[in-house]
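Read through the structure below, which is laid out as structure tokens, and then see the notes.
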Amino acid sequence: MVILMYFSKWQACGNDFIIFNSFKNKFIFSSEFVKKLCNRNFGIGADGIIYVLPSLDADFKMRIFNSDGSEAEMCGNGIRCFAKFVVNQKLINKSSFSVETGAGILFPEILKNGNVCVDMGIPNLNSDDIPVKGFSKKVVIDELLNISHENTAYRINCVSMGNPHCVIFTDKIDSINIEADGSIIENHKQFPKKTNVEFVQKISDSILRMKVWERGAGITLACGTGSCAAVVAATLNNLVNNKADVILDGGKLNIFWDKDKTNHVFMTGPAEKVFDGNIEVDYEQHDGIR
């Protein structure tokens, strides 16, 4: 049976998503159809697909799939788009609410200026949890990683924000081959579940510039969880003091790590609707809930 299904396209710092309200039918597309929808030549075009689902433990549940069809635990820019979408659709009449994600329950709040502040929880530095292998220490901060591309070695910092991140500080961010080195590090044997990769340059004590290679998506204009991981790693390397504006190719995020009190990381930034539309969907070609 072919039906028309409503979607809404949103972006946060240029990181763009196709959002579906699956709160009632709980429908999830097959991986192949996700890849087709995200294709910028033959589909709608996006970095990922987001579903709004019911939750037994929170106001909503968010599931997100990368443009390669794989499911991600969380997405910082995605949850800001999710928050604005559910309010825009009048699915909730509160400005602050709870969202169940693969990284736990998170708490977005829509501010009066339209930005969204999200309590991203506690950063995890335990190498087994991230996971990252092959290092003698349980915390991988400022450790050497050799990669095959042109015999390159990077000093890496590994942080989980519910999903894995490898943060690399550099003084020459524009000279790095993000596509080549990012892909190699994402798939490096020392990251058994792959990893997101952030290349970060300190601009000042309160400003970081970042370029990102996202696991399952490649080069994107921004990464919210990556920005959180970058500020955590920068704080641990004494580059910033718990907070910074992270300048991305698609915009700016403000990150605050409340290290001395709650140990939670707070991310604040924009999210905007791009357009709404409908697509034809053949239910028999998809998996239903998965």
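The backbone N, Cα and C atoms fix where each Cβ goes, and this holds for glycine too.
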Check: Which candidate from ASN41, ASN163, ASN254 does TrEMBL annotate alongside ASN15, ASN66, GLY76, ASN77, ASN196, GLU214, ARG215, GLY224, THR225 at the substrate binding site?
Finding: ASN163
Checklist line | DSSP-derived structure type at GLU214 (substrate binding site), helix or strand or else coil | finding: strand
Margin query: What are the sequence-distant neighbours of GLY224 (substrate binding site), meaning same chain, six or more residues apart, C-beta distance under 8 angstroms?
Written below: ALA12, CYS13, ASN15, CYS75, GLY76, ASN77, GLY78, ILE79, ARG80, VAL118, MET120, LEU253, MET267, GLY269
Margin query: Centre the Cβ atoms of ASN15, ASN66, GLY76, ASN77, ASN163, ASN196, GLU214, ARG215, GLY224, THR225, go out 8 Å, and tell me which other residues of that chain have a Cβ in range of the substrate site.
Written below: ALA72, MET74, CYS75, GLY78, VAL212, ALA217, THR220, CYS223, GLY226
